[in-house]
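Trainee: Take a look at this one; I'll ask things after.
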Amino acid sequence: MVRNCLSIVLAAGEGTRMKSPLPKVLHKIAGLPLVCHVIKQIELAGSLQLAVVVGSGAEDITKVVQSFTKNAMIFEQKERLGTAHAVLSARLALQEEVDDILIVFGDTPLIEHSSLVRIRAFLADGADVVVAGFYASDPTGYGRLIKKNGKLITIVEEKDASDEEKKVSLCNGGIMALNGKYALSLLNKIDNNNMQQEYYLTDVVSIASRQNLNIQVVEIPFDNVIGINNCFELFEADALWQKRKARDLMLSGVTILKPESVYFSYDTEIEPGVLIEPNVYFGPGVKIQSGAVIRAFSYLEGAVVGRDAQIGPYARLRFGTELERSVKVGNFCEIKQAKVGEFSKINHLSYIGDTEIGTNTNIGAGAITCNYDGFNKHKTVIDDDVFIGSNSVLVAPLSIGKGSYIASGSVITEDVPINSMVFGRARQVIKEDRAIKLRAHLSKNKRNK
């Protein structure tokens with residue numbers, strides 16, 4: 001029997017320690033907001049119902065979440081009265097009949113769907129409350145999971161823990177799952193009789209224990225529950241994410257010569273057999289096919305690189321770039337909104353924008369397309385087997401026919417028929433010995449000043 005699941009993502013925290021006008025959960029690692037990382041893993045874990053509780057920065061968070069997933073129900077926590085109060089802000093969703101309720105914090109971007117699947121499996125096996133825990137060599141600062149006779153009976157925060165309880169190394173990971181049958185009744189029993197006068201989600205455990213419900217602890221890796229509270233922790237989490245991504249790629253058959261110097265985005269796709277040299281940046285939307293070589297100091301975003309292509313060093317591929325098989329893009333080239341056919345070469349010092357290039361075409365050093373007139377972008381179409389000489393300027397809109405040859409230094413403003421040779425430059429004029437007279441004239445003028 002397939003169990004349905006409601007996941008509640010708590011994203012209402014103010015995040016004051018970030019010291020940023022941007023809501024905490026909208027800060028990014030690998031190019032994706034923290035809360036979207038969490039939602040992605042929740043969906044991969046098979047949870048089809050999603051409630052996101054927002055507070056500070058509600059409008060901005062709502063916009064980002066709804067653009068990322070169409071499944072999200074948004075609920076606002078109007079007062080900051082604790083984590084249980086935040087969960088109950090989604091009361092309308094909780095009132096629906098669901099088997100599993102999964103509660104996750106929106107600032108834990110390193111959670112893996114495999115951990116969430118394991119947590120849900122305990123509910124399927126009969127647990128009523130499941131708490132994610134981890135063992136810490138130094139548990140200072142973390143809530144402790146306190147057991148009695150092998151059973152979890154309560155979660156004690158560090159500030160409230162006795163000396164004996166502080167010796168416990170099993171810590172609260174923050175993620176909790178509830179049997180839908182008991183969820184609302186447990187949450188409704190939580191009170192705010194504490195120093196902070198807040199409603200704590202962790203009190204669910206002691207309430208469930210008193211009711212003799214089945215409470216289980218699932219041990220998950222510490223990095224899965226790392227929360228982000230400041231920009232340094234954001235950096236550390238990003239570094240961990242990058243290390244995971246590089247490891248997964250290398251185990252799949254991608255060669256990365258210096259993985260710590262390469263930056264990947266959340267959706268980077270690289271096939272086995274690709275070679276990546278040091279200091280490469282992959283922005284969102286990049287796909288690299290097998291056999292391609294990405295040389296050092298290249299910057300790619302929104303680009304598809306075909307089989308056996310060679311990129312860089314020092315190349316920039318921008319959004320809308322599609323390179324087919326065995327294309328070469330060399331040093332100090334920028335490609336944007338361009339489709340380049342197989343075996344074509346753009347080897348050095350070129351800007352190619354809003355362009356279609358056919359197969360086996362060569363773009364010489366320093367050749368550029370002029371695609372913008374100050375108001376609108378215009379397209380250049382270059383057919384198969386074309387040679388564009390060095391330092392040529394192609395002024396769009398423009399079409400260059402198959403097999404044509406553009407002489408170096410030309411400025412091309414009109415369409416070129418197939419198999420044409422085009423000169424678009426002024427004729428060279430030679431005046432012998434004129435340089436001697438010119439130098440004498442210039443030298444005299446300089447002395448007179």
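Glycine residues also receive a Cβ, built from the backbone N, Cα and C atoms like all the rest.
From a predicted model like this one, the values you see are computed outputs, not experimental measurements.
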Trainee: Please identify which of A365, A435 is recorded by Swiss-Prot as part of the acetyl-CoA site containing N371, Y372, S390, S408, R425.
Mentor: A365
Trainee: Other than its close neighbours in sequence, what residues sit by the region 'Linker' (232-252), given a CB gap under 8 Å and a spacing of at least six beyond its ends?
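Mentor: The answer is 18, 27, 29-30, 109-110, 223, 226, 259-260, 262-264, 268, 270, 272.
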Trainee: Going by a 10 angstroms cut-off between Cβ atoms, which of the binding-site residues L10, A12, A365 has the sparsest surroundings?
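Mentor: Ranked by other Cβ atoms within 10 Å, the binding-site residues L10, A12, A365 bottom out at A365.
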Trainee: In whole Å, note down how far the CA of S390 (acetyl-CoA binding site) lies from the CA of A12 (UDP-N-acetyl-alpha-D-glucosamine binding site).
Mentor: 57
Trainee: Ranking the binding-site residues N172, S390 by other Cβ atoms within 10 Å, which is at the bottom?
Mentor: S390
